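Read through the structure below, which is laid out as structure tokens, and then see the notes.
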Amino acid sequence: MERYRVGGAVRDRLLGRPVDEVDWVVVGATPEAMEAAGYRPVGKDFPVFLHPQTGEEHALARTERKTAVGYHGFEFYAAPEVTLEQDLARRDLTINAMAEDAGGRLIDPFGGQVDLQARQLRHVTDAFAEDPVRILRLARFAARFADDGFVVADETMALCQRMVAAGEVDALVPERVWQELARGLMEPTPRRMIEVLRQAGALARLLPEVDALFGVPQSPAHHPEGDAGTHTLMALDAAAAVDASLEARFAVLLHDVGKALTPAEALPRHPGHEEAGVDGARRVSERLKAPRACRDLAVLVTRWHMHAHRALELRPGTVVELFEGLDLFRRPERLEPFLHACLADDRGRGGREASDWPAGDFLRAAFEACRGVSARSFVEQGLRGPEVGEAVREARCRAVAQVPRPDAGAARDGA
């Protein structure tokens, strides 16, 4: 029985990155032998065990065989005679198909180290085409390693395009798409995930509402960066730069889907794109089976983001309407993710990548002022039922009116 470190631990060590977790492949063992040695079985689809002391995952070397369309259509074979090279051959990218033995000797049958040095994301074998999830994983790794200069190898992109044309991504279940999309959105350069998916043709199949934004013109005065798709990509990276939550990043991805619905005669302005985009944001969220918090914030940011950008010009009653629309008085934890998404939207424009956004500070202060209003005092005055609600709202409006407002600066009307 021989153990080998594999995959991300080997790759990240060679890149000089921190190694967060170590996975192992075991050659020449059986499940019975692993359990006899104290390993705890945890794998459902194939033999995976946890080390009795370290808790690190140890998988028996295995091969895979395609049996049907989609990522579920695989048959696995794990046995003592399966070699390390056979196990590595089933992996997606060459940089993930390296191993080290117990002495630290590198085992690299597919040129992963060369591709690391050349900053290439390249498939190991044409078996890559058997699993459409690998297109999503490729895009996710492109987002992770973009700052290191990694690019997708031409032949790998061509293979992905053929997979999409063959309908492979159409067989992906929503939960798997969401899992990879969510992980990609949390990478340092999430725009690269969307760019790779778009180049492969997969974005149009998985997120047609986002794909439709590319080529949609915007007002040059507000969006010198170009079309609505480019703005969305820039906003995603701006969200990553402020360490926004997954909920906020997903909301940024969808916040402008209404711009693809703007009538041609209105272009390049997009009046009413917030309301127009609500159904699209809700549809994407439900199709992907995104978590409720992600779904809710995506819809709310889509609907209300222009109110946030115009906050310094809004009447106090409209500011309170914004807070009510976000349901902040019952869900105050929504404020920061909402503001992060709107900040990213503001910075996702040419020349504003590091700009201040005074509207955010004003909205925080205004909401705190509103929270200082208590219904109890009005009840003690003898008000009842709807009278209490009306009095509370009026008091909140007065509180907002007392909050100092910095200079509004350049408006974003219709942006």
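Note that Cβ sites are derived from N, Cα and C of the backbone, with glycine treated the same way.
Over in Swiss-Prot, the protein carries these features:
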type	residues	note
BINDING	GLY8, ARG11, ARG91, ARG137, ARG140	CTP binding site
BINDING	GLY8, ARG11, ARG91, ARG137, ARG140	ATP binding site
BINDING	GLU21, ASP23	Mg(2+) binding site
DOMAIN	228-329	domain 'HD'
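Counted within 10 Å of its Cβ, the other Cβ atoms near GLY8 (CTP binding site) come to 18, all protein chains included.
Sorting each residue of the domain 'HD' (228-329) by its DSSP state yields 78 helix, 0 strand, 24 coil.
Rounded to a whole value, the Cα-Cα separation of ASP23 (Mg(2+) binding site) and GLY8 (CTP binding site) is 8 Å. Looking only at Cα atoms, GLU21 (Mg(2+) binding site) sits nearest to GLY8 among the binding-site residues GLY8, ARG11, ARG91, ARG137, ARG140. In this structure, of the binding-site residues ARG11, ARG91, ARG137, the smallest number of CB atoms within 10 A of the CB marks ARG137.
Looking only at the binding-site residues GLU21, ASP23, the densest Cβ neighbourhood within 10 Å occurs at ASP23.
The Cβ of ARG140 (CTP binding site) has 23 neighbouring Cβ atoms from other residues within 10 Å, across all protein chains displayed.
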